[in-house]
Ligand SMILES: NC(=O)C1=CN([C@@H]2O[C@H](COP(=O)(O)OP(=O)(O)OC[C@H]3O[C@@H](n4cnc5c(N)ncnc54)[C@H](O)[C@@H]3O)[C@@H](O)[C@H]2O)[C@@H](O)CC1
Ligand SMILES: [K+]
């Protein structure tokens, strides 16, 4: 699904209104009705009061329309008009007139207003600003948002949390509404996925309000949200007449004296990726353990019993995944350098291989073009340097990707797969995946997909999607707390099945 900017969103709204021969009021009514239906499912069962904070634009119009639906169902609603400008949009005004006629309680809130009494038992719907926010909010709106955040009622933002910008991170003294739920319309917005906005979004729902799909797809954007539909498009069905040679031979290089589990996890995951064959090069002393865990794996002799080593292979692997558990010793550095210099296979580079590259910049020159690098935030910082905020981070990732001609998969709550200017944001995954070994599973999976000749960014994009989905599927049987990396491997088969539904 494409991620659009504010002007494209407005264009899409207008095109849909024209194509469907409806009014902007009809579209607002449709969007608000759908948001209201979601809202109903999360409202408290005990009696509650709803405050709806309404700006004068179309986001406020949505809030007023929701107030109407709630009033019709007998909910105790109070509308707070947050008057940051005198000019009210046409649909906002019509909605306001309708509510006034229905005698709904409406109060005006402006610069001179006192903060009112909201309790943590109340429900607050935030429709102050939507995607139209384009400059710093007036102080009295900032104060209002700060006050509500401090009270912490059940909070729902319509389209985006007020105070969120689509193209920048707020400065330290700018407020952003902190929601428990955000109902965003039609297409997700990039800021909703950025860690700098983590406290503001809560549970995210993307509501399809029936805007024109054909036009949406025709808009050009470097940003894509990788949902099930976009993952399915990348998935390749297997042929009945295939054999193991069809699906490639992956080699995993990893492990060191005290870090052998990581390479075992990566190998197990690689085996579940659909790859034809998996060979592992790891310290020799752990060979038996490896085979006991995964007898399908083949072993490559390694000259050191404590560290990884390099020697040329009798075959050309279709992919090599290097780095998990290798440590940052001199032996690991020498071996990594040789692998980078000599390997003719596409590479997946992870973990300590990235740390070694960050520490010894001379290695940068040897990274083969189109390699897939999978750093977690710490490794990323060591590679590209510290960033000011998430937009700055994206800029830095892009320029690193351009400079080295590599694909960066930045592991985050919403992982980002970046190649040059293109950014793919992952939709799957959960906090249970913040657990040791989760990244090793991802490396194994991507190396396996890469060996199957999935082209360009697809192994990284599909890998991150399937990996996150495995984590989500595991939560059907267990809690985030108890999820461990091995559970992800167990769920990979179910993840793949979802691509064939
Ligand atoms: N066009 C449509 O028919 C639809 C629009 N929808 C809603 O419309 C929203 C966008 O509406 P708007 O474009 O009216 O924008 P907003 O309602 O987000 O903002 C209102 C206006 O405030 C002004 N403004 C921006 N920053 C300001 C600041 N710091 N101080 C004072 N004024 C400021 C801008 O002129 C902006 O247009 C979406 O987020 C969504 O909620 C939905 O109802 C779906 C359908
Ligand atoms: K809002």
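Every residue gets a Cβ built from N, Cα and C, even glycine.
Take the K(+) site that TrEMBL assigns to 59, 162: the candidate from 26, 91, 126, 196 listed for it is 126. The candidate list 385, 437, 439 contains one residue that TrEMBL assigns to the AMP site with 411, 412, 413, 414, 415, namely 439. For residue 131 ((6S)-NADPHX binding site) paired with residue 59 (K(+) binding site), the C-alpha to C-alpha distance reads 8 Å.
59, 126, 162 are the binding-site residues among 59, 62, 126, 162, 411 whose C-beta comes within less than 6 Å of an atom of ligand 2, given in sequence order. If you average pLDDT over the domain 'YjeF N-terminal' (9-217) in this model, you get 96. Residue 126 (K(+) binding site) is 9 Å away from residue 159 ((6S)-NADPHX binding site) when you measure Cα to Cα. Checking the binding-site residues 126, 162, 411, 414, 439 for a CB within less than 6 Å of any atom of ligand 1 leaves no residue at all.
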